[in-house]
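Enquirer: Dropping a structure here in structure tokens format, bear with me for questions.
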Ligand code: SF4
Ligand code: SF4
């Protein structure tokens, strides 16, 4: 039998949902265990083996001073590092602190902020070390996650489809929520992978897979505003679980400026 | 002469999230027992301020990937309480079904992959599966059915997308729910077999004197409810929650701890609390099984929480079957509302215990203030106290064995350390 792939899974600031997406593989999990050695997966196994690893999956964002060192150490122990989920690829929902008053945030939640170690920003792994592939989603899709592991096992180039959620809707014959129901939807800008579930449930996409490859963000926001949506209504869509993905961050900031300009002209 | 000795053991494993335990001994007498949750603060309560109330169920779900439904339910119910939105029975039943999915998924994960390996000395559920292939396969299939419920009702199992203030974005079609019935029927029988299997485990003899707290309803096993009950015979309204229980911060942990305000004593939340208070409200199969399995009621042995989880899974399958069999698609999927300045609170029973939320909303429907009290922070103090009682007879053992025994006990509470982000190392310091 060939040697098993040594897999390491490491967690930073996150909700554990992306790791759970692997445990959610259920039946495939037992098959996977035949091919892969879970050398570092503390959530599932108390056997912790040290590196080097063949493949490391990182969940979570960099948000404490200790994280800065730890990610460097992990990078040195693997030749292939893949980030999984919006936290690891874009800083996650906790990146909503970026640009806010960090001291005030600490005081709001904790009576003794002096006990805490926290950075003022939550940042993606790729800001700190080189990353071989970024798997999107909040959470990642179990099928895509298995695909990545299988790509590594078979020495294939990592790849997942990079078209938009909007195109998946068309492929699945889902009635467009924007056109038919007037609901603002980020589907045209968001990378596919979820199976277009929000439109399937009659709601707009809030971008949990992050911006897709080629986006015409301004075109979409202009159209939504012409269609009667206020800038203020669109801001939370962009400043969400992928708030720090550059395309979403830029648009969120632009909408904020527009909103305050509108507020001033009303007065 | 006094000799000091410190033992460090690697990260606590098979829990959701990471953290540390520090035990210090002075001449073999326990001095300090500190559960250190090394959380990377994520500041949910801070960034919720100024967000539209519609965003709250999706945002708070991201606190925990293992129990997102609990966060969606507590937050939706709290905001609906503020706006006085009455949820019709049919929609409420669908929410219960969604919660059944989460309990089944979360409990089966913990029972099979996280806690069961301890009773056989294996390092993981996958390793246990080599020796008990049928049991672990059955457990994974049960877990999968929980996920299927979440997918049918919410699109996906982690952070489902269908819950909104006032109800759901879309209710399932009749055939979507009916398609679940055959698997649910299989699941009910399988869950009964699983619970029998677990009841044969060898449980350490460790009985605690608990003040158990959960939602307590007169007529149904709790997911939702307005009244809290304690095993000391007290009850209080969910609206008084923060007058009875408060969070406070200790230097050794970045997750807040909680205790009862008046007595400053710890309490235990979760399956043992629910089952001791409410097993009379179980569905018939779970009720009957609770009497037949090898357990003394009231049960105050934390290691037997795994059995309480098994019984709750049986109950959840019965509940889910009943809901699916009686389902008629409601005419409206959600109740319309007008935002206005108001305050609302609610508690629901997450797999790990009571999850309390409170929100202040302004006239425009923006969140002004949010308070979230998760079960694991409420259990933290109790876990430390239990370790204190559990440790003395073990102290003659080697340090790594003591450490393993402590880990086993901590794991039995299914602490969701990932309701924050943490790093748990165990260190024992001996001063002789
Ligand atoms: S990306 Fe989303 S699901 Fe994944 S860990 Fe972060 S918050 Fe959780
Ligand atoms: S439709 Fe958009 S927000 Fe919804 S799950 Fe898919 S990517 Fe995420």
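Counting begins at 1 with the first residue displayed.
Using the three backbone atoms N, Cα and C, a Cβ is placed for every residue, glycine included.
OK, TrEMBL features for this one:
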- B:45, B:372, B:422: Mg(2+) binding site (BINDING)
- B:64, B:67, B:416: Ni(2+) binding site (BINDING)
- B:67, B:419: Fe cation binding site (BINDING)
Enquirer: Counting across all protein chains shown, how many other Cβ atoms sit within 10 Å of the Cβ of residue B:64 (Ni(2+) binding site)?
Expert: 31
Enquirer: Under 8 Å, Cβ to Cβ, against chain A: pull out the ones among the binding-site residues B:45, B:67, B:372 that qualify, in sequence order.
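Expert: Correct list, in sequence order: B:45.
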Enquirer: Taking DSSP as the reference, which of helix, strand or coil describes residue B:45 (Mg(2+) binding site)?
Expert: helix
Enquirer: Counting other Cβ atoms within 10 Å of each residue's Cβ, which of the binding-site residues B:67, B:372, B:416 comes out lowest?
Expert: B:372
Enquirer: Enter the number of other CB atoms within 10 angstroms of the CB of residue B:45 (Mg(2+) binding site).
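Expert: Its Cβ has 18 other Cβ atoms within 10 Å.
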Enquirer: Spatially, which candidate from the binding-site residues B:64, B:67, B:416 is nearest to residue B:45 (Mg(2+) binding site), comparing Cα atoms?
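Expert: Given the candidates B:64, B:67, B:416, the nearest one is B:64.
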Enquirer: Cα of residue B:416 (Ni(2+) binding site) to Cα of residue B:372 (Mg(2+) binding site): how many Å, rounded?
Expert: 15
Enquirer: For residue B:372 (Mg(2+) binding site), what is the secondary structure state per DSSP, taken as helix, strand or coil?
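Expert: DSSP call for residue B:372 (Mg(2+) binding site): strand.
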Enquirer: Using DSSP and collapsing to three states, where does residue B:64 (Ni(2+) binding site) fall: helix, strand or coil?
Expert: coil
Enquirer: Which of the three DSSP states, helix, strand or coil, fits residue B:416 (Ni(2+) binding site)?
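Expert: Where residue B:416 (Ni(2+) binding site) sits, the three-state DSSP reduction gives strand.
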